[in-house]
Amino acid sequence: MLVSDIEANNLLEKVTKFHCGVIYDYRDGEYHSYRPGDFGAYLDALEAEVKRGGLIVFHNGHKYDVPALTKLAKLQLNREFHLPRENCIDTLVLSRLIHSNLKDTDMGLLRSGKLPGKRFGSHALEAWGYRLGEMKGEYKDDFKRMLEEQGEEYVDGMEWWNFNEEMMDYNVQDVVVTKALLEKLLSDKHYFPPEIDFTDVGYTTFWSESLEAVDVEHRAAWLLAKQERNGFPFDTKAIEELYVELAARRSELLRNLTETFGSWYQPKGGTEMFCHPRTGKPLPKYPRIKIPKVGGIFKKPKNKAQREGREPCELDTREYVAGAPYTPVEHVVFNPSSRDHIQKKLQEAGWVPTKFTDKGAPVVDDEVLEGVRVDDPEKQAAIDLIKEYLMIQKRIGQSAEGDKAWLRYVAEDGKIHGSVNPNGAVTGRATHAFPNLAQIPGVRSPYGEQCRAAFGAEHHLDGITGKPWVQAGIDASGLELRCLAHFMARFDNGEYAHEILNGDIHTKNQMAAELPTRDNAKTFIYGFLYGAGDEKIGQIVGAGKERGKELKKKFLENTPAIAALRESIQQTLVESSQWVAGEQQVKWKRRWIKGLDGRKVHVRSPHAALNTLLQSAGALICKLWIIKTEEMLVEKGLKHGWDGDFAYMAWIHDEIQVACRTEEIAKTVIEVAQEAMRWVGEHWNFRCLLDTEGKMGANWKECH
């Protein structure tokens, strides 16, 4: 086994120069350094390990080192170089798997000062250097310090422009940290049987003897790194035109809002608490006041006649009277960009906030206001005006003006290469960033059709025929309920699963919760499964917290298998639990449930356990599904990539969007995805049949 790391002059898309590389070889126990002129020898050493059937360990290798080496070998040496997936271990992938609850375990290190705040919850190699006590400083910080001492100005990224010996030293230190991290990860007995020395085995033994989750996460990371490099073809012109339309509507709304809400006076500048006139008790709910020390109705007498009252004193022209409290105010013009102004006007119109920030301010966004209704038509019109403004502002932020706006992330190839963390959530779900492609508005949302249509295989023209590619969108059918049915089957002999496949599960749930409509039942069950509180559940039928609590109670009484499942989970996790001063104090047996692939899925609280179990099951099913789909397509002789037959563009929770060179290939992808999903169900002995639905079209609007 080799542990390695490279330094180069840029990120993957712009990298052109290999600076240095380091290998730690477990066979001789030595660190081997390779400078710019040794690039060929470095590649030879890696290839020799592959030929031996060995393993090469990088940190973030799947996403950076491995594809960067392929690119640099061609650029600098005109050499074909490809490391096979099965020969590569990524400690970043392992860290995210084994320490998915890192933020919980980092608190002690943060308090003790062992871990800097900027590294809290981070899986980066530098963060692990601090945790493991192997950190010897950070190259970028030291480089900046050196420039400062020399009186030179730092330009962002310049530390990677040219090779230097300090870089070589840090490269060695990175491998020291990677080795220490690897050994820490391999010592976890849950994932790696302790009787095997995993640093002294070939790749076949490593993958077959470690827990299945280790293999699943590495395969997913490899595939999703490929998806990132593929990118999602994007219609820049269409979104620029949409931006013009949205900006015009925003200007119109700004005028309407300012006219509708005008201006008002509000307290500002008071320095003292207002006290009750009779009791003298401070009244904190009232605005702060000022109590003048000077001023009056009349000025002091300035001659004998005024003192004797024969002549009136002059009027005091000062604005205040000494000892007479007043509330200072300011004149405010409505500002639609101010959340404080918006929530003030909404509450005046009759809106009662139910969701608050950590600091106690009402949360104001288009989603929170979606269901707000008041009886007064004028006030409702005012609320609707604000709702539309917030929605327009959100669309503008997503598409054009925000830091992570789509237009800011279109690469030179006309595609958006969104970042995916394959195990970003504690449940095993992926998370998305730069930009977040999981938050593209749906086709039923305002402007959703234009947004989705901009992402599409049709925007990629084939390099040979010049024809647009075809899109295949496939999603898992009713996954949440099928996962619930799988876990309920032990308690109801598969009755719930049978109803899903052969009956009408939403009508069954409607009757169980005694809800007025089938649509209410659909909203209820998904809210229930995702851990919605009593207040949220009550809102489904236009009521509050008490009604929500009652609906849950009825549902559990009439669906005893779910109640039994919840009880079973509680018994597995919790030794004892009691409520003290409104807080649940739990004595845990253990704080994790077993995922479908054997992993530990960490649970934050007992009431979230069922939701965690179901979300994890859905995430892992889809993860293995996308892996198996690609594997089966390749087995059919199809090539993955824009230079081949199909290209993964996005995986969002339970759906994949795949670009295909022809309609025939798109049909094959849809068929194979269904076969792969059935294979996953059989592989994990799922107690409810798993299915997919596929659509073929030109873009995401047509394929979801």
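Positions of Cβ are set from backbone N, Cα and C atoms, glycine also.
Marked as Mg(2+) 1 binding site by Swiss-Prot on the basis of sequence analysis: Asp5. Secondary structure at Asp5 (Mg(2+) 1 binding site), taken from DSSP and collapsed to helix, strand or coil, is strand. In sequence order, Gly21, Val22, Phe58, His59, Asp65, Asn171, Asp174, Val175, Thr178 are the residues of the chain that are 6 or more apart from Asp5 (Mg(2+) 1 binding site) and have a CB within less than 8 Å of its CB.
Summarising the annotation, Swiss-Prot assigns Mg(2+) 2 binding site to Asp5, Glu7, Asp174 and lists sequence analysis as the type of evidence.
Secondary structure at Asp475 (Mg(2+) 4 binding site), as computed by DSSP, is strand. Here Swiss-Prot flags Asp475, Ala476, Asp654 as Mg(2+) 4 binding site.
Residues or ranges marked as Mg(2+) 3 binding site in Swiss-Prot (evidence: sequence analysis): Asp475, Asp654. Around the Cβ of Asp475 (Mg(2+) 4 binding site), 20 further Cβ atoms fall within 10 Å across all displayed protein chains.
Just so you know, the Cβ of His506 (substrate binding site) picks up 21 other Cβ atoms within 10 Å once every protein chain is counted. DSSP classifies His506 (substrate binding site) as helix under the three-state reduction. What Swiss-Prot records for His506, Arg518, Lys522, Tyr526 is substrate binding site, and it gives sequence analysis as the kind of evidence.
Taken together, the residues of the region '3'-5'exonuclease' (1-187) have an average pLDDT of 94. The annotation region '3'-5'exonuclease' is assigned in Swiss-Prot to 1-187.
Taken from Swiss-Prot, the feature region 'Polymerase' applies to 202-704, supported by sequence analysis.
The CA atom of Tyr526 (substrate binding site) is located 15 Å away from the CA atom of Ala476 (Mg(2+) 4 binding site). Using a 10 Å Cβ-Cβ cutoff, Glu7 (Mg(2+) 2 binding site) registers 19 neighbours. Looking only at the binding-site residues Arg518, Lys522, the densest Cβ neighbourhood within 10 Å occurs at Lys522. Cα to Cα, Glu7 (Mg(2+) 2 binding site) and His506 (substrate binding site) are separated by 56 Å. Recorded residues Asp654 (Mg(2+) 4 binding site) and Lys522 (substrate binding site) have their alpha carbons 18 Å apart, per Cα-Cα distance. Counting Cβ atoms from all protein chains shown, Tyr526 (substrate binding site) has 12 others lying within 10 Å of its own Cβ.
Neighbour density at the Cβ, taken as the number of other Cβ atoms within 10 Å, is lowest among the binding-site residues Asp174, Asp654 for Asp654. Its Cβ taken as reference, Ala476 (Mg(2+) 4 binding site) is surrounded by 23 other Cβ atoms within 10 Å in the chains shown.
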